[in-house]
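This report refers to the structure that appears directly beneath it.
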Amino acid sequence: MAFELPALPFSTNALAARGMCQETLELHHDKHHQAYVTALNGFVAAKPELQGKSLDEIILAVRGDAALAPVFNNAGQHWNHILFWNNLSPKGGAIPTKLETKIKEDFGSVETFKEDFKKAATSQFGSGWAWLVLDPSGKLVVTKTANGSNPLAENQGTTLLGLDVWEHAYYLDFRNRRPDYVTNYLDKLANYEFAEAQLSAA
Ligand code: MN3
């Protein structure tokens, strides 16, 4: 069973008024994400030992294996983008109560959480991701990973939010201004309802 590109949970112009234009979403979802899925399916078709495995199982099976880095990169990017589309929202930016309480408990304040997240997202040199995860001890922490890696591959815990900081994610909307893209995400696009559901399910 081949992996498939999931449909966006909103229309491609749904985020335009909030800082992510239709062209960004069309290129990012229809071209970039599709390319990862196509490449992953090609690798799996050529490797019987990967067939029948779930996406999570493939990531865990090939991580750290230099010879299988192309499989890891494309599987990781498929996983990351599935999450990413779900943590963007046309009604983003509002933090529901249960999550807000937990953020205040673990970071001290919402502002500190946002500062930590901005620091991680802007200090990730080159391509990668910034994450809000529930770590194995039950505490919310901000992390970052390079290229196609993610909290699953690095045993960081349960992922609540992930922000793509590859240039293709923000260059049409924010050009070189990654910090503005991150701030806009946290204030206007982040689907904290989704993050709270992940927290509740953990
Ligand atoms: Mn991307």
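Note that Cβ sites are derived from N, Cα and C of the backbone, with glycine treated the same way.
All annotation found in TrEMBL is predicted automatically rather than curated by experts.
Per TrEMBL, the features are as follows:
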- 3-89: domain 'Manganese/iron superoxide dismutase N-terminal' (DOMAIN)
- His28, His81, Asp164, His168: Mn(2+) binding site (BINDING)
- 98-197: domain 'Manganese/iron superoxide dismutase C-terminal' (DOMAIN)
Out of the binding-site residues His28, His81, His168, the residue with the smallest number of other Cβ atoms within 10 Å is His168
Counting only residues 6+ away in sequence within the same chain, which have a CB under 8 Å from the CB of Asp164 (Mn(2+) binding site)?
His28, Asn80, His81, Phe84, Trp129
Taking the centroid of the Cβ atoms of His28, His81, Asp164, His168 as the Mn(2+) site, which other residues of that chain lie with their Cβ within 8 Å of it, listed in sequence order?
His29, His32, His33, Phe84, Trp166, Ala169
What kind of secondary structure is Asp164 (Mn(2+) binding site) part of, going by DSSP in three states?
strand
Local confidence of the prediction over the domain 'Manganese/iron superoxide dismutase C-terminal' (98-197), expressed as mean pLDDT:
98
Tally of residues which DSSP labels helix, strand or coil - the domain 'Manganese/iron superoxide dismutase C-terminal' (98-197):
49 helix, 22 strand, 29 coil
